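Asks: Here you go, one structure.
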Amino acid sequence: MVCFRLSWVPGSVLFSLCLILGAVPSYALEVNLTDSENATCLYAKWQMNFTVTYETTNKEYKNVTIFEHGSPTYAGSVCKDDHNRSVIEVQFVPGFSWTVNFTKDSSNYLIDGILISYNTTENSTFPNAKDKGVQTVYYPVGYTVPLNNIFRCSSLLPVDEKNVVHNYWDVHVQAFVENGTVSTKEFVCAEDKASTTVAPIVPTTATPAPTTPTPKKPEVGHYVVTNGNGTCLLATMGLQLNITQDKVVSIININPNTTDFSGSCQPQSALLRLNSSSIQYLDFVFALKNDNRFYLKEVNASMNLANGSVFSTANNNLSYWDAPIGSSYMCNKEQTVQVSETFHINTFSLRVQPFNVAGGKYSTAEECSADSDLSFLIPVAVGVALGFLIIVVFISYMIGRRKSRTGYQSV
């Protein structure tokens, strides 16, 4: 965890922000605003991600997923100004900022609205944008929370507003904290209440527990990521997600026909992102090893489960799918990528090449050890051994017979 603390706005208000790194495609933020007496006056912790759609000069539409932290700044954040207003403002990649406003009355505080601003003249973030300039998107939130209560919403809160999709989950926020102490009383969002409602128990005749069917193999999907130079990443694979939550195992087969994909390619890394109606994101991040090999370094995932909860996990210390640069990695047999204790991915008919793709086609493949199975040599070796044994017996027989003939001649 990397923590930033800096002086801000007149009145000696201090701003503290902890940026939890590791999950590349989303931001996990924890904010603690303090007043001139170093007492907490606003506390917030939440996760979010953004995708912006814009038109290029080639009359194409591109999606930009804001996932690189870069060097964020916090100009504009303030805790309880002269108008009873609090603001959290964060600037991420060049040309992109996010702001949330809070107001209050005598008994409640209001999570008023979210303002997103992005500048399409920033070519590094929005390459070849047709319409240059600052674009703003305002979303009225309108959550009213009693004072001295912390607002909590673990469920996914998706927002699709004017070419910007922004998602929020695991939200904890209390504006206008009293006496410098964050409250333990929770005001829970309606989405969490709906997902935790327990259905009434209806007595039924006991029946034998059904056997769990063997999950079917997933359909194989083909994914292509391009940049200004053409195709930069190729992936072909069937994916089966295995999730364990509260001792309940969920198995999800990725359907490539209903799955969207995107990504990016950098000199030292490459990203493939999959998402669907139930999967917020499933990211595969590739990196270089010793500048001559590539490997799968990171997997990040967040998805909505059938019970209404949101499952999120990340691991940026993996080492799978290792192959030389300029080649592809292939494994036709089933493989397992263990992301965490509660999440692993089974792959089928896998082939990936995240670097040095030439002509939009795979290069020569380096096969996994499972595909290079040498078990077929066992019967060959047994046959050779039996043949050698027969030859030895035959030679021994001939030598013994010759000796017998020599003995008779001596007599």
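Cβ atoms are placed via backbone N, Cα and C, with glycine included.
Remember, TrEMBL labels are computer predictions, not curated facts.
Here TrEMBL flags C153-C189, C331-C368 as disulfide bond. Residues or ranges marked as domain 'Lysosome-associated membrane glycoprotein 2-like luminal' by TrEMBL: 218-357. Residues or ranges marked as domain 'Lysosome-associated membrane glycoprotein 2-like transmembrane' in TrEMBL: 378-409. The signal peptide annotation in TrEMBL covers 1-28. Sequence annotations record features per position, and here TrEMBL assigns transmembrane segment to 376-399.
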Asks: Compile a sequence-ordered list of residues in the same chain as C153 (disulfide bond), six or more apart from it, whose Cβ lies below 8 A from its Cβ; state 'none' when nothing qualifies.
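Replies: Listed in sequence order: Y168, W169, V171, V188, C189, E191, D192.
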Asks: For the domain 'Lysosome-associated membrane glycoprotein 2-like luminal' (218-357), give the DSSP counts of helix residues, strand residues and coil residues.
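Replies: Per DSSP, the residues of the domain 'Lysosome-associated membrane glycoprotein 2-like luminal' (218-357) fall into 3 helix, 97 strand, 40 coil.
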Asks: With every protein chain in view, how many other Cβ atoms are within 10 Å of the Cβ of C368 (disulfide bond)?
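Replies: Excluding its own Cβ, the number within 10 Å is 20.
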Asks: Out of these disulfide-bonded residues, C189, C331, which one has the fewest other C-beta atoms within 10 Å of its own C-beta?
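Replies: Among the disulfide-bonded residues C189, C331, the lowest count of other Cβ atoms within 10 Å belongs to C189.
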